[in-house]
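Encoded as C-alpha cells, the structure appears first; notes follow it.
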Amino acid sequence: MMVTRPLHTLPKLCSQSPQNGSSGSKVLVHFVNQSGMKSSVFVTEGESLLDAVIKKNLDISGFGACEGTLACSTCHLIFEESVYDKLEQTVDEEIDMLDLAYGLTKTSRLGCQVTVNCWMDGMTVCVPQEIKDQRGKQEAQSSK
Amino acid sequence: MDIVGVLVLLLVCVFTAADGWRGLSSASSPRVCVVGGGPAGFYTAQQLLKARQDALVDIYERLPVPFGLVRFGVAPDHPEVKNVINTFTQTAHHERCSFHGNVNVGRDVSVEELRQAYHAVVLSNGAEANRPMGIPGENLSGVFAAKDFVGWYNGIPANKELCPDLSCETAVILGQGNVALDVARILLSPLDMLKATDITQHALNALAGSGVRRVLIVGRRGPLQIACTIKELRELGNLPNTRPELLLGDLEGIEETLKDLPRPRKRLTELLLKAVNGGDNKAEKSWSFRFCRSPVEVLAGADGKRAAGIRLALNKLEGSGENVRAVPTDQLEDVNCGLIISSIGYKSILIDPAVPFDPRRSVVPNDMGRVQDAPGLYCSGWVKRGPTGVIATTMNDSFDTAHVILQDMESGLLDLSIKKPGAQAISGLLQTRGVRTVLFSEWEKINAEEERRGKPHGKPREKLLDVEEMLQIAWSSRIMDILTFLVLLLVCVFTAADGVRTVLFSEWEKINAEEERRGKPHGKPREKLLDVEEMLQIGWS
C-alpha cells in the first residue's frame, strides 16, 4: 500500500488508528534490506512477513526462494530483541533452516514463519547486511 | 485475401519493430552472457537485470532444458526446494533476458568468442564430474558415482541407461553429505512416498522391485564432522518402517562436547544421539552411519565382475573440531554389499582450455568472482567456490558476483563504450556450425509435454530422458508455425498474382435462390447447379 524509501517522515501509526480505516487490521512494519535501505509498509494483520514483502514488492533480493515452504533460509530476518522475545515459539524445522542462514543472530527468524500481529506495530526487521559486498566496494575504491 | 494481407503486414511490422528495438538498445547496453542455466546462472542474471535497467543478459545452457541441479540434483521428494524454478522462469521471461539451450560452450562456441561478443562473460557451469575414489575395483559392476545414481532417478539424459541392480540387501554409500543422505532416503523410502514425485518412471519401477533393506553411510571422519544438514538427517530418522542402526560406541563421549559446539553442529549431533537411542525394532529396513572409515578396495564376487563387498580402512582422527583429519590405520574391515555408491563430492570440469582452472581444487581461480588474469570473465556458483552449500549459498554467491560485475561496469573496468553484438553474433556463429538453440518458449513446450505425461500417474511431470525427443518437441510446433506462415504467404501471393475472385456468402445466397427457383416446378427443394462456371456467373451477377 505505501512504499516510501528512504523513509523518515512517515508518522508512526498504531493499529488503533489506521489511516485507511480498515477495521484496525493494518500494522506498520519497517523493513531494512541488504544494502541498508528502509521501506515502511502497512501489513494486514495475519499475513506473514514473507507475504508482506512479496505483496508490497519490496526490494529485497532473493527473498523467499522456496515460497514459504521451510526449504530454504532466504527470508531470514533479524528482529529487535524486545519483539523477538514475544514471538511465538520456533519449530525444529525452522531452526534447521536458520542454522544454514547467512549472518545468523540470536534474534533471527524466518519471515515466512512470523505472522504479523497488531502488537508488532512500528517494529523494524532487518535483512542481514551484505558484508562481503561492502568489502568489495572498498577494494574497488582503493584500487582506483 | 484482405485478411491474409493484413496478417502478413502485421507480421512484417512486428518483426521490424522487434529489430528496431534490439537495434536501439544495442547502442549503449551492457551485454552479459552467462554460461550455464542452473541456479548460479539464473541468480546471477536476476541480479544483473534488476540492478541495471539497460543490461541485456543471455543465458547459454548445454541441455535443451534449464535449471541445472534444481531439476537434476534436488531430490524428487523435495518439491518445495524446486519452487525456485518459478523465480527462474520469471527471469527467463524478462524482456532483457534470453535463454539459449542446446548450446555446448567450449564445443559449439568458445569462451573467447563469447568474450568478443559480450562486455562480460560469467561462468556458472557448476560441477558436473565425479570425484573418483581412486581405489581398485572402482569400476566393477554394482559401483556407481552418486552423481550418476542421482541422475538416473532424476532424469539426466546421460544416465538413463544406468539400470542399477537393486537385488542385494545391503547398500553402502561412501560420503556423509546431503547427496549421500538423499540417495539413502530414496533407497529406503516406501514407494508411496515417491510415486507422486517427479522421479523417473524407470527408477520407480526398479525401486518397486528393490531388495535393499539396509543402507550404511560411511564417512572418513567422526560423528562431529558429518557433512549433511540437519533437515536431511531428520528426514532419514522419520522414514516409516525404517530404524537407525547406529553403533553406541561410535558416539561415546560425544555428549560432553555438546555444550561447546556452535548451534548448527550441536543440534545435528543431538539429533544423531537421539537416533541411537530411538527407532522401531519391528522396522524391516535400517540405515546407519559408519564413522572413521575410508574405502580401500571394492571386493569382487565369484564372477570377478560384480561388486560383492567393500574393504574399509579404520581411521584415527587427528586435530579437533571441523578441521579434524582422518589418518588411516592398518586395521581393515570388510563389509558385504551388492551396491556401492560413491558420494564423495562433485567437481567442476574445464569446459574450455582458454579458461584458467585450478585442477587441484577443481574450480576457476577467482577473486570474489573475477576470474584471475582474465578481464571481463567472471564466475559464480560451484565453479567459483567448489561443490558445497545449499541453494541459498549459491544464491548469495551469485548475487555477490553480479555486484562485482556491476561495480566493474561503474568503475570503468568493463569498457561499456565499446559496442558489443551479443547474441546476434553468437547466433550467427552457431548457425554456421549447424547448432540450433532451444529458446525458453520452446522449453515451455517440453515442460507442457512432461506435465501432460505425468498427469495420468499423479506425478507433477514425467521427465523426458532423451535429448533428441526433447529437441523434437521443442521445435515441432515451430516448424508448424513456419509452415502455416508459408501457406498463408503463398495464398496471398497466388491470389494477388492470379486475380482469384472469391464468392462471398451473400453471393452464395444468389446461387441458393436460383437453385430453389429451378427445383420448384419439379416439386423439389432445389435443383443443384453442377457447373462451377455457372455458379460463379450467378454469384457475381
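Cβ from N, Cα, C; glycine included.
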Considering the NADP(+) binding residues B:Gln176, B:Gly177, B:Asn178, B:Val179, B:Arg220, B:Arg221, B:Glu232 given in TrEMBL, which of B:Gly36, B:Gly376, B:Gly381, B:Gly389 is annotated for that site as well?
B:Gly389
Out of B:Glu61, B:Glu95, which does TrEMBL tie to the same FAD site as B:Ala40, B:Leu69, B:Val105, B:Trp382, B:Gly389, B:Val390, B:Ile391?
B:Glu61
Identify, in sequence order, the binding-site residues in B:Asn178, B:Arg221, B:Val390, B:Ile391 that approach chain A with a C-beta to C-beta distance under 8 Å; the answer is 'none' if none do.
B:Val390, B:Ile391
Cα-Cα separation of B:Arg221 (NADP(+) binding site) and B:Ile391 (FAD binding site), in Å?
25
So how many other Cβ atoms are close to B:Arg221 (NADP(+) binding site), meaning within 10 Å of its Cβ?
20
With B:Glu232 (NADP(+) binding site) as the reference Cα, tell me which of the binding-site residues B:Glu61, B:Val105, B:Trp382, B:Gly389 is the closest one.
B:Gly389
Given the binding-site residues B:Gly177, B:Gly389, which one has the fewest other C-beta atoms within 10 angstroms of its C-beta?
B:Gly389
Work out how many Å separate B:Ile391 (FAD binding site) and B:Gly177 (NADP(+) binding site) at their Cα atoms, rounded off.
15
Taking only the binding-site residues B:Gln176, B:Gly177, B:Asn178, which one has a CA atom nearest to the CA atom of B:Leu69 (FAD binding site)?
B:Asn178
